[in-house]
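Contents: one structure, followed by commentary.
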Amino acid sequence: MTTETFVKDVKPGLKNLSVLFIVLETGRVTKTKDGHEVRTCKVADKTGTINISVWDEVGNFIQPGDIIRLTKGYASLFKGCLTLYTGRGGDLQKIGEFCMVYSEVPNFSEPNPEYTAQQSQNKQAQAESGTGTNNHNSSSPAPPAPDLDNGNGSNSSGPSTNQSTAPAHSTSGRITRSQPNHSLPGAPNSVSNGKEPRRTGKR
C-alpha cells in the first residue's frame, strides 16, 4: 500500500504517488493534436497547492470542492512548472466534498527558477553528450534527460489555512480513466483565477 504524499513533498520525477486533495479550480479544456482533451485543475491540501493535468472525459466529472485521492500518480515539469499527472494504471477517486483543511500558499506549481535552471542544464548536457557519442559506435540514441529531484525551493512563510463549512456529503464515486503516461504541449501551465490565457500552437 502506498503512503499518502503531501503536496509540499511532491518533486519532479517522483512516481507512484498517492495524494489526497481538494479541487479549488478547474481549468478550460484544451485539445491536443491527436484529439485528447486536457484540463488543468488547481488542487490543495494542508501544505499548499499544485496543478494536476486531467485527461479526456475524467475532467468533465471533476468539480471545485471535490475531495479526490490520486493513486499511481507522477510529477513532472511542464513549461518549468511542477504538475501532477495520473500514471498508467492510476486513477482519481472522489471520496467526499467540501470539508477539508487546505492552504492556498505556497503554490508549488508557480514557475520555479531552480527547476528551470535544472532543465536547461539537463538539455545542455544532453546536447553535449549527443555530439560526443556521434564519434563512437552507439546502438541507440541517448535517452532524454530526466527531471532531477533537487528540492522545491519554495519559501512558505506562514501559510494560511482554510476550512469549508459546508456539510460533507456521503457521496463516494469512482472516476477511473487512465491517461497516456506522457505530457503533451498545449496544456495550460497554471490556473489562477479561473481565467486562463488562450493557448496557441507552437510558433
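Yeah, the Cβs are placed from backbone N, Cα and C, and that goes for glycine too.
What Swiss-Prot lists as DNA-binding region is 22-92. Summed and averaged per residue, pLDDT over the DNA-binding region (22-92) gives 93.
Taken from Swiss-Prot, the feature compositional bias 'Polar residues' covers 115-128 (among others).
Residues annotated as compositional bias 'Low complexity' in Swiss-Prot: 129-140.
Residues or ranges marked as compositional bias 'Polar residues' in Swiss-Prot: 159-182 (among others).
The region 'Disordered' feature in Swiss-Prot is assigned to 110-203.
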Open item on the list: I'd like the per-state residue tally for the DNA-binding region (22-92) from DSSP, helix first, then strand, then coil.
Closed with: 4 helix, 52 strand, 15 coil
